[in-house]
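According to TrEMBL, the features are:
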- 1-54: region 'Disordered' (REGION)
- 83-171: domain 'S1 motif' (DOMAIN)
- 187-258: domain 'S1 motif' (DOMAIN)
- 281-346: domain 'S1 motif' (DOMAIN)
- 365-436: domain 'S1 motif' (DOMAIN)
- 453-522: domain 'S1 motif' (DOMAIN)
- 542-611: domain 'S1 motif' (DOMAIN)
- 634-705: domain 'S1 motif' (DOMAIN)
- 727-796: domain 'S1 motif' (DOMAIN)
- 1034-1107: domain 'S1 motif' (DOMAIN)
- 1148-1222: domain 'S1 motif' (DOMAIN)
- 1230-1298: domain 'S1 motif' (DOMAIN)
- 1324-1396: domain 'S1 motif' (DOMAIN)
- 1351-1370: region 'Disordered' (REGION)
- 1395-1536: region 'Disordered' (REGION)
- 1417-1429: compositional bias 'Basic and acidic residues' (COMPBIAS)
- 1430-1447: compositional bias 'Basic residues' (COMPBIAS)
- 1548-1590: region 'Disordered' (REGION)
- 1579-1590: compositional bias 'Basic and acidic residues' (COMPBIAS)
Amino acid sequence: MAAMEESFPRGGTRKTHKSEKTLPQSVEQDNLFDISTEEGSTKRKKIQKEPAKTKKLKVETRESSKFVREKFEILNVESLCEGMRILGCVKEVNELELVISLPNGLQGCVQVTEICDAYTEKLNEQVAQEEPLQDLVGLPELFSPGMLVRCVVSSLDTTKGGKKNVILSLNPKNVNKVLSAETLKPGMLLTGTVSSLEDHGYLVDIGVSGARAFLPLQKAQEYIRQKNKGAKLKVGQYLNCLIEEVKGSGGVVTLSIGHSEVSAATATEEQSWTLNSLLPGLVVKAQVQKVTPLGLTLKFLSFFSGLVDFMHLDPKKAGTYFSNQQVRACVLCVHPRTRAVRLSLRPVFLQPGRPLTRLLCPQLGAVLDDVPVQGFFGNAGATFKLKDGALAYARRNHLSNSKKTFKPEAFKPGNTHKCRIIDYSQMDELALLSLRTSIIEAQFLWYHDIKPGALVKGKVLTIKPHGMVVKMGRQIRGLVPTMHLADILMKNPEKKYHVGDEVKCRVLLCDPKAKKLMMTLKKTLVESKLPAITCYDDAKPGLQTHGFILRVKDYGCIVKFYNDVQGLVPRHELSAEYIPDPESVFYMGQVVKVAVLNCEPSKERMLLSFRLSRDPKQECEGQSQKKKKAVSAGQLVDVKVLEKTKDGLKVAVLPYNIPGFLPTAHLSDHVTNGPLLYHWLQTGDTLHRVLCLSASEERILLCRKPALVSAVEGGQNPKSFSEIHPGMLLIGFVKNIKDYGVFVQFPSGLSGLAPKAFLSDKFVTSTSDHFVEGQTVVAKVTNVDEEKQRMLLSLRLSDCTLGDLATASLLLLSQCLEERQGVRSLMSNRDSVLIQTLAEMTPGMALDLEVQEVLEDGSVLFSEGPVPGLVLRASKYHRAGQELEPGQKKKAVILNVDMLKLEVHVSLCHDLVNRKAKKLKKGSDLKAIVQHLEESFAVASLVETGHLAAFSLTSHLNDTFRFDSEKLQVGQGVSLTLQTTEPGVTGLLLAVEGPAAKRTMRQTRKDSETVDEDEEVDPALVVGTVKKHTLSIGDMVTGTVKSIKPTHVVVTLEDGIIGCIHASHILDDVPVGSSPTAKLKVGKKVTARVIGGRDMKTFKFLPISHPRFIRTIPELSVRPSELKEDGHTALNTHSVSPLEKIKQYQTGQTVTCFLKKYNMVKKWLEVEIAPDVRGRIPLLLTSLSFKVLKHPDKKFRIGQALKATVVGPADSSKAFLSLSLIGPHKLKKGEVAMGRVVKVTPKEGLTVSFPFGRLGRVSMFHVSDSYSETHLEDFAPQQIVRCYVLSAASPVVTLSLRSSRTNPETKSKITDPEINSIQDLEEGQLLRGFVKSVQPSGVLVGLGPSVTGLAQHPHVSQHNQSKKAPYDRHLPEGKLLTAKVLRLNHRESLVELSLLPGDTGKQDALSAPLGQPPPKQEGRETEAAERDHKGKAKEKKKQKQKERRTGKGQEGVQPPSKDKKEPQKPQAKKLGKRPHPESSGEQEIGNKKQKKAALSEEDDSGVEVYYREGEEEVEEMSVLPKEKLTRPAEAPRLQLSSGFVWDVGLDTLTPALPPHGESSDSEEDEKPEQVTQKKKSKKERELEKQKAEKELSRIEEALMDPGRQPESAEDFDRLVLSSPSSSLLWLQYMAFHLQATEIEKARAVAERALKTISFREEQEKLNVWVALLNLENMYGSQESLTKVFERAVQYNEPLKVFLHLADIYTKSEKFQEAGELYNRMLKRFRQEKAVWVKYGAFLLRRGKAEASHRVMQRALECLPKKEHVDVIAKFAQLEFQLGDAERARAIFESTLSAYPKRTDVWSVYIDMIIKHGSQKEARDIFERVIHLSLAPKRMKFFFKRYLDYEKQHGSEKDVQAVKAKALEYVEAKSSMMDD
């Protein structure tokens, strides 16, 4: 009563009769209360009389009409308050928020962070790692419109315009804050969100502090299948949950989400709801208290009252409600302060969990005239009656244009108004109206009203860098991108447009779902009178329209229109004249007028033209037809060169002189020969047999590649995708190179993609390293998609090899040399004497030359002789160490003629000049030395004779990439096989290289005058080496900046001398992070001082006295301090060794250096401190951030100035300083450093390397703060790790990767503390460790890097306590276990452990499946126990009491947190025993020894019996192993010293006590049980004990029976542990789960089997795969079956898997799938006869005899001839069994006539005739076969078969006749032998 009065306070004054009379008039008009006036008055009389009869309600009889109105006032924003709990419906789902429809037309929003705490954590984690999380899904996947949700108002924000926004929260922590763990009761309906996925179910966040809610998997299956489309529940998923079970005072709650249970859930008095804890969405049984015109008053849950406003009455029952009527109602909202409760009687709310179905109003946006007012509510709004009789509602602020113009008297019932439907309230199923003039007259109301291409007006809202935001209407905003603010790009749009300006735009794109509106202000587009293209169907050929250029490419312009429609203007349609560079003519955003040439709407393709002067369609067609008549694709033509362009040759196709184009890359199959031919071909030259690749309107594309020409001639040129099949080898050329792969085009114009992974058998770092555009390649088709016109290719050599590699290599070589010879003939036609001379020179020719000059690099130039301009050069190697002087005469041999550079390479080597005349033999293997290298071939000299031989460096067209280690070098030894013995016109012998293993390296001569291998010389500096200069150090010079490099600037001085300014000599003070070279600009005049001179060849700085100083590059400085008089210092005026230079730098010194490059291979930054001092910064010393180390290129840019610390010279021979960016590098104790994993040692730890060769080790105990059996698998070699140095005393540093060490500030949770010595341990401590080994004395468990504990056998397991037990199988090395420290011996450093469940609280060490880690939380075990053993705790307790009484039980080992001594005395009393004088375990056992059978001390902890007074059953159950908890009928085993096994279901024993209603945890509830125990006599107890023992004996015998079938999952687990590789057991286990329709469990068993069965047992594994395929076929989807099948093919012999799946399909009558699979098999296994036979049988079984015959013919075409007879015989057998017997006979007869001596075929034929034919036919065939002329042994076989047949089917006479014939044969044979 008090509660009701609080909700509805009494009071109010009596109003005049007039107001009372006006109310019934409005009621009469209300359609919801369709009753006559008389009935209405009668009802009111009844209502007035009701309170007098029921004094309980205490409601005052006289309530004024004003009070009634106020009381039933519908909700508005002002009536909401923070903390108000309210039911809502999801209206819109956006990425970052939900829009919620609330009762009475209200609306609110929920931010993404207000779903639940777990979801918010996931979002934060995603933001932190900057990558999307796999298990985090967006709001659109978690919520759908129509879902009912319980919300709480978290805040009411007021906007600038005074509008209030309702901010809601769905977080269960806020919604269910009013509940506590103690108030939770079974049957309560709560809402919660999934917080995590566990092994056996889901943890659900219900927001009640102190309560953990668990949803078992089996309770969620129905929901997942029906509502979630089979997908697992996701974190953050919103659920309506029914509490099934509450344990531990609400500490643990079990939930159910079954649709039937949830929808029937009703709140009852037993659930103890209060007005404070009442939640929205609860369905209650209620009684109508009072009926008023505006709603009802209800009484519910005995003494609560609530209101139902007229919007939430049941529309079908409106007007029929009466007092005391029983109804079901749903709580809509509860006010936190006034405790006012609002309810709904609408049927849609009375089934919780069911979404609302009516979500939209069909008339949304419609303007309605003369809509009558139904009712007016002062603060909230008014209701209107629509024409269809439905109610509509307008909020107060929508009743007039402003507050000032609002007139309440205009809204009397019956008054009519003009209004517009602006929204729809899902919660009230009402249309929402607006009477505002601005909204009624608005052009657009919602985004879906706006169409692309439409002209619209709006007001400028803001101007931002990315564009201008325009307000279009009440809630519509549009964006005008920067590019669309005007016809040209505007730099300062704010000067033209101002906030508030009205603008006229045209809509480019409108997406209502995304609320995205894009517009343009380009004047041409806005004012265009031409038709707008808004879809591809609008684009008709010939149509002219306006558009804007989106992109400008080499091939043309992409023009965009409205609604994302775009088309291409090809290059030839850009203008009537040819435009070589479109980017220089057109720009992005340019408005253009175009004509449509062609459009394909289905493919969304459109061709456009800028050429509007003629009819483009007809002209294009006319031209193309003319060209096509003359030349077509695939045709071979002759062409004449017209002109050379940048990319190739413009040619005329003869005889019609049609213009065409021949790209340079298409001149040859050899990449290097293309440019060579291009260079020497002249205008007017004719090329024969050129292939036409394509004949388009623009041009004819030609190709002269011999490989493509021969492919087309040979018919290897498929014209369409239907002709292409996987496995085909095709010849094509590289069309395009992308990062993800290479596109290959074939002569017919078809193209395919070779993905990066299929480009090479070698690792592909960059696709452009392996192939170049235009290169000829051989491609293997791997996949064809005819529908999408796509195919995938492989360019790997292993897939594309056409034949013998040696033959292919020789073919490529001869083709290459032949083309080069063709180039010589072109050269010989030139007029130049030089070119003609070069054309006549061939390798191997001997020349008499005169030395002109010995160059600084050691090479020799010879004088040109009679031919001016002839360059003859011998490299340093080919000088052969000879001392030469200018003018000296020498004999040399030509190695190669460079026909592009016009140089001749010669050699002075003695062996080459003095060739031996020795006859060579073709095919002989000879040793040779490489003398010269070209791109595609090498020239080598034979060691024996000195002859020059050429050999190809590639053996395949695709073989173009070589690692540096694979590349040949001049002077290297190779093994060659000669293919020709006489040099032809090329002057070279042809050879093929032998194995690469036979290569030998040449001895490299040490040369101090060489450029360092790491030095990259700037090409701009090389020019200056030719010029001599007269500069000396200190001279001031002026010059012009020629080029700027990151670390130096090249300057051109007077007289053309090149100088260099280093980055360190530009500024005096260099800011860190800046690039000093950027201060100078190209072309700028600079004044500098010479500070040194650098020798270009050696890169050394020479003293001015050095004779070569005049040829050095002057090193300059422009530092202000250096330019002052006498302010400069000379740079290395003396030749100082590099070692001495770096000695001036001390370790720890800070220097400024400049980044030169990042060495990817060596993983260091190369820097320069000064021009002559270089350094290296190892990557690990650049930063302590993983982000920087992962992408150093993003942090550091080339040329940047860096502050570094010197940490010592890294490599004395190279004189590099070693530097660090993170301070001194000292691996001291306590330091944190970055290292790189070198090696991962399983079950031990990691080896980590640091810069400068220092190594460290990480023990597996220091990898993480939380141990895991698999944590080492997370590491891989080369992975970067953050390390903490524990000790640096030894050469190998001891490290830790624990985050508590490396990042102590994060204060991460330490699950497993560090155990470094025995001092870190305490007796009774629980901790985890890894199994090290199993010893005779027990199990050794590693607890820390140097601490090992021993668990003796009795302390390992409660199961098999025999010391011979096979512990190795159950406790492999590295298994993670929880152990309890029993004893510590500090003197001998011994640690004694226990692994028993009673000590650890975890599952038994021997019962867990192999390799499965123990559960991490005891709570989870508790939940599992509670779920699976519902109501069993009580019986367990009784059982334990009985064990205590009979003396069989002992005190269990107490958990360490409890005091052991306290509970024992009271227990002893209660059980009728005398209390022991001492309560220690040993004393107690001593007493028991005197009374009963002895129990040894070490067996004490092996008994798992708990009986503790006052302890919760949750704790008792938590110690039970998980595997033992799946069936209620099984209890844990108890093991005694005698070896007697207890394995009995507790429900089979006679209970010691009568059954009790509810199990209780309290001490008081147990007392009556204790009393009843005492009442029993000793005899009764003895009888009970005997009966129980007999029952246990019976069950034990049954268990020991070898023929006993497993009956539970535990039984199967036991069996598969004993025989892990038996597929039969695993399949039985799967079948066991399938019988119970537990599909997921059956799948899990199959996966376990595949992991457990040894890899050697291939057949056993295959059996499981086949079973899994069967399971997926029967119970899974096609997708799941395909996934399993693909995995099975990877892990097994593919053919077997294919055949098994085909059988599965056939048996399950999926004939179409089986047919498709057989077709796949025929392509993949076409050489396997079994596949053909199986397919033939399949077709015959389906009655498709003709198809089977065709299959046999195809098989004979594909299979080798030796298989033909077997295949024919197999098909004939199939015909006998499944088809036409006559046809089978015909096949056999024809086969045997061709192969009369195939006894195997005869034998099969005989079998078939015996089985399917008559006796006469059988005897006929036997008669035929015994008269064959076969070997005696075979004849004996047939006679024996004939005899056996007659014995079985014939008479004695027939048997004798066969014997006689056999005797006759033998005699005839012996007589022949005698003759």
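Here the Cβ of each residue, glycine as well, is placed from N, Cα and C on the backbone.
Note that the structure is a prediction, hence the values are computed from the model and not measured.
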PLDDT averaged over every residue in the domain 'S1 motif' (187-258): 89
Range from 187-258, 727-796, 1034-1107, 1230-1298 with the greatest count of C-beta pairs under 8 A to the domain 'S1 motif' (1148-1222): 1034-1107
Within the domain 'S1 motif' (727-796), residues counted as helix, strand or coil by DSSP: 7 helix, 35 strand, 28 coil
Secondary structure composition of the domain 'S1 motif' (453-522) [DSSP: H/G/I, E/B, coil]: 6 helix, 35 strand, 29 coil
DSSP-assigned states of the domain 'S1 motif' (1230-1298) in counts, ordered helix, strand, coil: 10 helix, 32 strand, 27 coil
Per-state residue totals over the domain 'S1 motif' (281-346) - DSSP helix, strand, coil: 3 helix, 35 strand, 28 coil
Structural state census, the domain 'S1 motif' (365-436) (DSSP three-state): 7 helix, 36 strand, 29 coil
